[in-house]
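A.B. asks: Take a look at what TrEMBL says about it:
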- 46-60: compositional bias 'Basic and acidic residues' (COMPBIAS)
- 71-90: compositional bias 'Low complexity' (COMPBIAS)
- 94-116: compositional bias 'Basic and acidic residues' (COMPBIAS)
- 128-143: compositional bias 'Polar residues' (COMPBIAS)
- 175-217: compositional bias 'Basic and acidic residues' (COMPBIAS)
- 236-246: compositional bias 'Polar residues' (COMPBIAS)
- 252-262: compositional bias 'Low complexity' (COMPBIAS)
- 323-352: compositional bias 'Basic and acidic residues' (COMPBIAS)
- 382-413: compositional bias 'Basic and acidic residues' (COMPBIAS)
- 421-438: compositional bias 'Basic and acidic residues' (COMPBIAS)
- 439-450: compositional bias 'Acidic residues' (COMPBIAS)
- 22-162: region 'Disordered' (REGION)
- 175-271: region 'Disordered' (REGION)
- 311-352: region 'Disordered' (REGION)
- 382-455: region 'Disordered' (REGION)
Amino acid sequence: MADAEEKAKAEKLAAAKKRVEEMKKKKAKKAGGKKEEKVGAVAESSKSEEAKSEETRSEETLETTAAVPSEASIETPPEAPTETPVALEETIAEEEKKEEKPVEVSESKDEEEKVAELNSASRHGRSPSLSVQSKMRSSSFRQASGPLSPEIAFSPSGDTAPDIYRKQALRIEDLEKENKKLSKEAVDAEKRWKKAEEELEDLREAEGESAKGEKSTENGASEEVEKLKSEIAALQRQNTQLQVSSTRKHVSSPSTSVPAPSELEAELRSKSSTIESMEIEISNLRAQLERVASGSSVEKEQITALEEKLARSEKSAANAQRELGDLKKNLERTTEKAVKEGSERISAETKLLTLERETEEAKAHSDELQKKVEALEKKVSTLTTLHKEHDARSQAQKKEHERVEKEASDLKARYASVENENSRLKEERERLKKRDAQGIDDDGVDELENEERQRLEKKVRDLEAEIHELRRGVWRDRRIELQGEGDDGLTSPGARFTVVDLGGSGSPHARKSGVLPQGMGIGDYLTSGFNAITGGTAPTGHGHGGADEDDELLDDDDLLEFDEEAFRKAQQEEAMKRIERVKEVKRALKNWEGWRLDLV
């Protein structure tokens, strides 16, 4: 479909060009006939009508040509610079010819021409173009206001319209040349890029193991080449936009006001400055490409030099081996000659000594070469070990990161549980406040609050002392003592814990009065909770019921059979669990550093 549309556009352009050329030829013939012969008014009016009809056709074709290149520039930007200048040159030439012709026809002829144009437009079945409509408006205005002087428009600087159009045409040609230069530079850059890619592929095939180090340079070169391509495409778009804007300026009717040459020069300067800056950027990018290519070439040269050194060392080792074989053969020959000729023994011994010296020197040289080869192999092995260590470190870092994430999630869960506990305590405090508001003595409440506050302060001090001891390292001695107690035989695991009535089963009078059952308050609950977590002993004066129940359980156990081994294992497991629990509490205490306990 695109090819068919391009062919149709090309055919339309060719037809328009042919029509314009025919119109030029007819105008030239008409001008020659006017200079040589003066025909009557009837003939002149008929010729003028035909000329105007042809002009309307040419203007319509020019409009089509102006529209077609604009579409082509939108669809195919690279083809726009080749098609638009032709239409521009044709329009400029026609306008120059129109303006160079002397104004010899009167207002009556103008009216007849307008009528002829309308007849020609209706004859062809086309709607009048914008230029015809503007001419009709101007003729009606002249008829209403009177005749106007047919002077040629002059610019403020004194240049005529043809001169301005010529200057603009020259500027357009300069812009086209610059566009061609930029396109050539883009083609050269693409060729260089292709050459660089071919060289890199050859080096990959030749080097093998060294290709890993060159991937980064190749990627950088490809990225820079892509940047160059994008910049070249941007330059081409800017050129096409400039050309389209210039064509729009030229295709517009000559009746519009022509901009001052100073403004045009300023625009040209700005455009030339932008083009120069683009050329500078292109040169900088080329320099960067050359630097990258030179860096890769330096690395290649180093690799080739090392390979040449290895080849030389191998050749020298082979030559040394050959020389050793030759020397052995020579020694055998000399021994045979010494057996045959006793008189030549002295000379043979001297030769043997010299040959032995030469063999020793060759051996020393071969040893040095072997040492160099071993050093190179060690370097290679160190590089591989470094690479492996780097991989191991990266994997360890990944594992550490995963572990930290897991710990963070655990801490978040603990934080959520603590928040829930805090909200629960707040709710309990609100309940207590509501109970207190129902008619409890303020003095009793204050005493209870003071007692709880003192207990909590004491507990906080104990915990701070325990944290201080843990930081000093006393927990190691305690752990040793706990392990010793596991061997000596501990009491039952429930001896250090108190029974806490969490259900709150009591009389409604006790709930109203705010006094907890068995003389325990919120502080006792908190202390018992801390004891349950840390494994500490309950304070004296409380929890007698729990101790009595433990004694009853022990009395019941006396009646049963006692397995000492199972009891010892159970106590060891309990001690281990208690140690783990203490460790967890110590770990959790770090998260509470900087927090202040504020209970009412």
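From the backbone N, Cα and C atoms, a Cβ is placed for every residue, glycine too.
TrEMBL: automatically predicted annotations, no manual curation.
Mind running through what each feature is packed against?
C.D. replies: Sequence-distant neighbours of the compositional bias 'Basic and acidic residues' (323-352) (same chain, 6+ residues past either end, Cβ-Cβ under 8 Å): 358-359, 362.
Residues of the same chain lying 6 or more positions beyond the ends of the compositional bias 'Basic and acidic residues' (382-413) and with a Cβ under 8 Å from any Cβ of it are 591.
Applying DSSP to the compositional bias 'Basic and acidic residues' (421-438) sorts its residues as follows: 17 helix, 0 strand, 1 coil.
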A.B. asks: Provide the three-state DSSP residue tally for the region 'Disordered' (311-352): helix first, then strand, then coil.
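C.D. replies: Helix/strand/coil tally for the region 'Disordered' (311-352): 41 helix, 0 strand, 1 coil.
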